[in-house]
Amino acid sequence: PRPCVLPFIYSSKAYSSCTADGSQNKRLWCATTGNYDRHPEWKYCALTEYGGNSGGQPCVFPFTYKGQTFYSCTNKDAQIGRFWCATTGSYDKDEKWSYCADKRLYANQIGACVFPFIYNGKRYSSCTTAGASTGKLWCSLTNNYDTHRKWTYCDPSEPRPCHFPFIFKGKSYSACTHEGAGDGQLWCATTANYDTDSKWKACSQQEYEGNSNGQVCVFPFTYKNRTFYTCTNEDTKGGRFWCATTGSYDKDKKWSYCADTRQHGNNMGPCVFPFVYKSKTYSSCTTAGASTGKLWCSLTSNYDTDPKWTYCDPSEPRPCHFPFIFKGKSYSTCTKEGSGDGQLWCATTADYNKDSKWKACALQEYEGSSNGQACVFPFIYKSRTFYTCTSEDTGDGRFWCATTGNYDQDKKWSYCADTGDQQQPSDDYCNSSNEI
């Protein structure tokens, strides 16, 4: 049986896939020559996989063959050109295959992803959403899409999430890896043990799909009145991880699937407030125990008995904007109003109702060259005396303070607690000259 020839001409019209046109019994068919009008040779289209050494098991996408990543059937190395697919995630490893259902076949989009590829003059080493209005991941089937416009969607058969950690060749991985990928693709297993299951996916390096069409994650975001600094798989079919693309899913209902490169073996879920750490109760993110001075929160109510945590890193580390509007009321300090988990927060723009941009307020100094040491007031900066935190010379407008009496001399500083003494703009300093 010869394969479908796509596209083909029938009644002077071009067909790029199987059709029921002209079929008295409405069964799908295709021509097995390029022009049925001249050479009326045809076959009924197979609706399911058939034959092969898998006995017609369904295709698994993506699959690897000769170190390349396939998201579509291929006729590479096939007798008489019939299209086939692997029936596990790796033909190279398992050598299991079937002939493809003809209804899977189209005139274009047949072949292996080529990494890296050029699109709009930019180089891509993985599937991308660039240029896709739907936010769907795709790859080029040639090394330069700009000159040879052949592509396919990167749709896996089972759109399951990465499983971290996973075993590959006896080694444990807690993040996406290039190991074993012949075409340099970042990948992860979708089960606990790739060695036994051969189930995997190409890791996306950017957000995709969702009702935001692949807009980037915004952290923190609120969902069911809880604070998330990581992606979550809560309430998703198939367990895929997602994020809000504004500061409040509860308010705006905007989301994307998360880039797989955001995910790791741990650190997934909402902050839990209050939480216990070393027998002390915390109702906000803290730097306690963090040698770097970075803010973190527990993902369980008691870190001492169930030590799961995540950093409290906002996507946009902008400062609080005081005053700000929330539900028609003006706030000049951090507030718990509207916070389902009791978190102190502030807006980072003048109007939360309009922008949905916010941050959890830090109750203590954090990061900086002092790793979160407490402010020292007054302090000297550029030969001036400061009695409050300042945003002077910070790229993002966040407020900072010296942690010794003289920044000019010691260069020691931290970001200020949001509940501290800040002004906007910051101009509370004394001129250090002797003039009166």
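Glycine residues also receive a Cβ, built from the backbone N, Cα and C atoms like all the rest.
Annotation for Cys45 (disulfide bond): spatial neighbours Cys4, Cys18, Arg27, Leu28, Trp29, Cys30, Ala101, Asp102, Lys103, criterion Cβ-Cβ under 8 Å with sequence separation of six or more. Taken from TrEMBL, the feature disulfide bond covers Cys18-Cys45 (among others).
If you look up TrEMBL, you'll see Cys59-Cys85 (among others) marked as disulfide bond. Sequence-distant neighbours of Cys85 (disulfide bond): residues of the same chain at least 6 apart with a C-beta under 8 Å from its C-beta are Glu49, Cys59, Val60, Phe61, Phe63, Phe70, Cys73, Thr74, Trp97, Ser98, Cys100.
Around Cys100 (disulfide bond), a 10 Å sphere centred on its CB holds 26 further CB atoms from the protein chains shown. Taken from TrEMBL, the feature disulfide bond covers Cys73-Cys100 (among others).
Taking all protein chains in view, 25 other C-beta atoms sit within 10 angstroms of the C-beta of Cys139 (disulfide bond). Per TrEMBL, the feature disulfide bond maps to Cys113-Cys139 (among others).
Around Cys154 (disulfide bond), the C-beta neighbours below 8 angstroms that are at least 6 residues distant in the chain are Pro62, Tyr71, Cys113, Cys127, Lys136, Leu137, Trp138, Cys139, Ala202, Ser204. Among the features that TrEMBL reports, disulfide bond is placed at Cys127-Cys154 (among others).
Taken from TrEMBL, the feature disulfide bond covers Cys162-Cys188 (among others).
Cys176 (disulfide bond) counts 25 other C-beta atoms within 10 Å of its own C-beta, drawing on all protein chains shown. What TrEMBL lists as disulfide bond is Cys176-Cys203 (among others).
Under 8 Å, Cβ to Cβ, and six or more positions away along its own chain, Cys217 (disulfide bond) finds Glu207, Cys231, Cys243, Ala244, Thr245, Ser256, Cys258, Ala259, Arg262, Ser315. Marked as disulfide bond by TrEMBL: Cys217-Cys243 (among others).
Marked as disulfide bond by TrEMBL: Cys231-Cys258 (among others). Within 10 Å of the C-beta of Cys258 (disulfide bond) there are 25 other C-beta atoms, taking all protein chains into account.
The disulfide bond feature in TrEMBL is assigned to Cys271-Cys297 (among others).
Annotated disulfide bond per TrEMBL: Cys320-Cys346 (among others), in sequence order.
Sequence annotations record features per position, and here TrEMBL assigns disulfide bond to Cys375-Cys401 (among others).
Per TrEMBL, the feature domain 'Fibronectin type-II' maps to 1-47 (among others). Residues of the domain 'Fibronectin type-II' (1-47) grouped by DSSP class, helix first, strand second and coil last, total 0 helix, 14 strand, 33 coil.
Residues or ranges marked as domain 'Fibronectin type-II' in TrEMBL: 54-102 (among others).
Among the features that TrEMBL reports, domain 'Fibronectin type-II' is placed at 108-156 (among others).
The predicted model assigns the domain 'Fibronectin type-II' (157-205) a mean pLDDT of 93. Taken from TrEMBL, the feature domain 'Fibronectin type-II' applies to 157-205 (among others).
It is 212-260 that, among the stretches 1-47, 54-102, 157-205, 212-260, 370-418, forms the most Cβ pairs under 8 Å with the domain 'Fibronectin type-II' (315-363).
54-102 is the stretch from 1-47, 54-102, 212-260, 266-314, 370-418 with the greatest number of Cβ pairs below 8 Å to the domain 'Fibronectin type-II' (157-205). For Cys243 (disulfide bond), the number of other Cβ atoms no farther than 10 Å from its own Cβ, over all displayed protein chains, is 27.
Highest Cβ contact count with the domain 'Fibronectin type-II' (54-102) among the listed stretches 1-47, 108-156, 212-260, 266-314, 370-418 falls to 108-156 (criterion: pairs under 8 Å).
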